[in-house]
């Protein structure tokens with residue numbers, strides 16, 4: 001992969017140049033937290049932001065959108081007009097989250113709604129130094145080798161800029177004069193030192209090998225009921241998880257009742273109606289069953305299917321759950337470590 | 001790129017009541033060439049859309065050996081079915097599919113077959129029943145055991161009575177109760193009918209069951225008693241679904257999706273994947 005160097009001082013100038021490709025989006029401060037927002041002023045970008053409240057999945061699977069418009073029983077496709085855009089500042093864990101959504105939405109039966117939004121979006125990654133809620137090293141999602149068009153890595157007074165795609169190469173050419181090809185032996189030293197610093201900052205460390213087996217053996221563990229006693233079934237964990245992708249579909253008719261829209265909106269397996277079928281049978285009535293499904297998806301099912309967990313270690317569930325049920329606590333519980341519940 | 005979520009317009013050709021709350025629907029793509037080229041397997045399902053009411057999955061009751069028409073056997077029980085029951089013959093409805101794995105016909109061909117139906121389980125298993133009868137020479141010995149609660153609640157009564165008269169299968173029908181004394185055959189649970197099953201080569205038999213949840217345990221026990229291997233005991237399962245193609249997440253069970261990897265599962269699947277039944 002090709003790498004270039006950009007002076008730290010030139011970052012804002014380059015971000016401004018990216019706007020000639022399309023809308024520029026990145027993390028900005030909102031109260032004590034961060035959100036992805038349109039960067040009208042490039043200096044609003046929060047370079048130190050670790051995790052946004054909602055992960056970048058919202059750009060590809062919006063919380064609610066129209067799939068079809070119907071008149072009587074005729075359905076017509078409806079696609080939002082997605083303009084070319086650049087998402088700046090995705091950390092490696094969030095890029096891995098997108099790669100997991102790609103597996104789900106682009107492989108078997110490709111989803112045209114997802115694909116259109118994905119195709120219109122350039123991904124520009126940004127390295128980060130973890131905090132006490134990050135666990136991406138345990139999920140092996142703390143670095144990226146693909147899944148981006150450009151990836152910026154801190155390098156002293158510079159950024160090391162990896163070009164990950166042909167589009168990334170085009171993006172560099174929007175302001176080629178800012179970049180240098182001269183990577184010195186000294187730069188490699190700086191890069192290695194930075195990597196060591198990053199790796200040393202992880203406070204959470206778990207061995208996830210064999211998680212499917214451990215979950216299988218813990219199927220009847222009382223832990224699930226103990227967690228369910230606390231869980232509020234609010235679904236916040238699903239909203240903030242970069243790989244939660246469940247959705248509902250509903251028809252919303254207008255006042256004539258002859259026409260309307262078929263909408264898709266986020267759902268969570270924490271919601272009681274999640275597995276309810278017509279006739280009243282609920283396949284996952286118990287909260288413990290629904291919690292178990294959530295963690296089965298993150299720590300067992302995806303490993304069985306793709307050889308990696310579908311938790312990318314971003315720490316959002318740790319940050320968000322009002323009663324402190326999160327992937328770290330569940331892993332501790334499953335592996336017999338002290339739980340702080 | 002094609003939109004896999006887009007319902008196809010199909011014509012509701014014929015409908016009639018099977019019981020007080022279950023109705024039979026014949027549906028066909030508006031385009032006749034499309035109707036004749038529509039391929040599916042017994043055990044697969046379709047998503048039916050009715051604008052305003054929404055979309056839901058339904059087992060296909062017809063057999064691909066009689067092309068040109070899709071048939072469904074549907075109980076009025078929810079939002080989509082309530083709307084469907086209001087639809088008149090010759091109206092248009094939205095349909096997409098077929099989805100799911102269907103029955104492993106390639107493995108079942110040449111084998112003895114035993115089908116056990118309880119109540120609404122006739123909806124998916126009628127497809128397999130008619131498929132075997134239409135390709136009778138490709139299969140070995142064939143038993144069809146059918147149980148309904150009462151004579152009034154029996155689905156496809158006329159059709160199954162006629163099938164009972166055929167001499168190329170062993171068809172046994174029962175009802176749990178017969179208050180009016182009108183039922184001409186056995187009265188009792190469907191498991192009673194296993195006493196009539198003989199001369200099956202268990203190692204060479206596929207046994208298939210579909211019915212109310214309470215029935216599985218007892219019927220599967222009978223299959224195992226006959227010596228039929230666990231992986232040749234088949235069943236088709238129900239789950240909530242919003243897509244049919246492994247995206248919406250609702251039918252997930254462990255690492256699989258009922259819509260993609262099911263809805264047909266073996267008893268071995270049930271034993272090694274928790275949560276299936």
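Each residue, glycine too, has its Cβ placed from N, Cα and C.
Per TrEMBL, the feature [2Fe-2S] cluster binding site maps to B:243, B:248, B:251, B:259. Secondary structure at residue B:243 ([2Fe-2S] cluster binding site), taken from DSSP and collapsed to helix, strand or coil, is coil.
Sorting each residue of the domain 'FAD-binding FR-type' (B:5-105) by its DSSP state yields 15 helix, 44 strand, 42 coil. For B:5-105, the entry in TrEMBL reads domain 'FAD-binding FR-type'.
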Near-site residues: [2Fe-2S] cluster, ref B:243, B:248, B:251, B:259, CB cutoff 8 A to centroid: B:239, B:241, B:242, B:244, B:245, B:246, B:247, B:249, B:250, B:257, B:258
Cβ atoms near residue B:259 ([2Fe-2S] cluster binding site) (within 10 Å, other residues, all chains): 26
